Amino acid sequence: MMQKQNMIVVNQKEIAKNIYELVLQGTLVQQMNEPGQFVHIKVAEGIAPLLRRPISICNVDQEKNEFTMLYRAEGQGTKTLATRKQGEMVDVLGPLGHGFPLEEAEAGQTALLVGGGIGVPPLYELSQRLVAKGVRVIHILGFQTKDVVFYEEKFAELGDTYVATVDGTHGTKGFVTDVIDNYGIDFDILYSCGPLAMLRALEGRYKEKKAYISLEERMGCGIGACFACVCHLQEDPSGHSYKKVCSDGPVFPIGEVVL
């Protein structure tokens, strides 16, 4: 159930170049039961920036009423958020959207989790949930360069983890698909979040597989009212049918929406 709450900053730190880990505390965490959902953050107390910022949920600790977000500080809004200190309050709306379907993966199966850049964070909570139900997980994390790699060790604690960097400064040189090819990775179900180019490459390979992708889109309202994040359906070539990333997604079965 979506709620709005002022949550307290437990901790915030930079964990890679311009990548921040923010831990917030509040009873809203009790509503976070679906990995892959996101929250909308009001980054400042004044009018500007006007729009909330959508940030995925990386980790949930309901015993402590805490959840973790990872985000890249690159625009005015997220740079402002990066200045928040322990004990300050942050206005949070969420949880929003439909997350990854855990029920599609069965105990004993292998799930491949593929993340690119700031699309990596929601896969961490997903991986923990899958491991808890007896699913074997394999992670492939793609980044531009070594300086922006994060959470490699945390993912490695849950299952086999591979890293690809475009410039080859860490892990496999190239893209996540190069890792799949180099290591002959096979799987029963695929979950992925990242840039459109990466998702298109995976869709081209695995249309016949059981696979789910999470779309990174700029959003306005976050609740399906403003129509700023619509995407068209592949089954309708006329382009008249669409779904909204924020409320119908952000997770969709692979092949359902036009990338």
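Quick reminder: no glycine exception, Cβ is built from N, Cα and C everywhere.
The model shown is predicted, which means the values in this text are computed figures rather than measured ones.
Features as listed in Swiss-Prot:
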- R53, P54, I55, S56, L70, Y71, R72, G77, T78: FAD binding site (BINDING)
- C221, C226, C229, C246: [2Fe-2S] cluster binding site (BINDING)
- 2-102: domain 'FAD-binding FR-type' (DOMAIN)
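Recorded features from Swiss-Prot, shown on the structure.
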{"residue": "R53", "record": "FAD binding site", "CB count, 10 Å": "21"}
{"residue": "I55", "record": "FAD binding site", "CB count, 10 Å": "23"}
{"residue": "L70", "record": "FAD binding site", "CB count, 10 Å": "22"}
{"residue": "R72", "record": "FAD binding site", "CB count, 10 Å": "17"}
{"residue": "T78", "record": "FAD binding site", "CB count, 10 Å": "18"}
{"residue": "C221", "record": "[2Fe-2S] cluster binding site", "CB count, 10 Å": "18"}
{"residue": "C226", "record": "[2Fe-2S] cluster binding site", "CB count, 10 Å": "14"}
{"residue": "C229", "record": "[2Fe-2S] cluster binding site", "CB count, 10 Å": "23"}
{"residue": "C246", "record": "[2Fe-2S] cluster binding site", "CB count, 10 Å": "27"}
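Listed in chain order, the residues near the FAD site other than R53, P54, I55, S56, L70, Y71, R72, G77, T78 are I41, M69, L81, I118, each with its Cβ within 8 Å of the site Cβ centroid. Distance between Cα atoms for C221 ([2Fe-2S] cluster binding site) and L70 (FAD binding site): 21 Å, as a whole number.
Across the domain 'FAD-binding FR-type' (2-102), the prediction's mean pLDDT works out to 95. Across the residues the record lists as binding FAD (R53, P54, I55, S56, L70, Y71, R72, G77, T78), the two Cα atoms farthest apart are 15 Å from each other.
Cα of R53 (FAD binding site) to Cα of C246 ([2Fe-2S] cluster binding site): a span of 12 Å. Here the candidates are the binding-site residues I55, L70, R72, T78, and by Cα distance the one nearest C226 ([2Fe-2S] cluster binding site) turns out to be I55. When the alpha carbons of C246 ([2Fe-2S] cluster binding site) and L70 (FAD binding site) are compared, the span between them is 18 angstrom. A Cα-Cα distance of 20 Å separates R72 (FAD binding site) from C229 ([2Fe-2S] cluster binding site).
Taking the C-alpha positions, the distance from C229 ([2Fe-2S] cluster binding site) to L70 (FAD binding site) comes to 21 Å.
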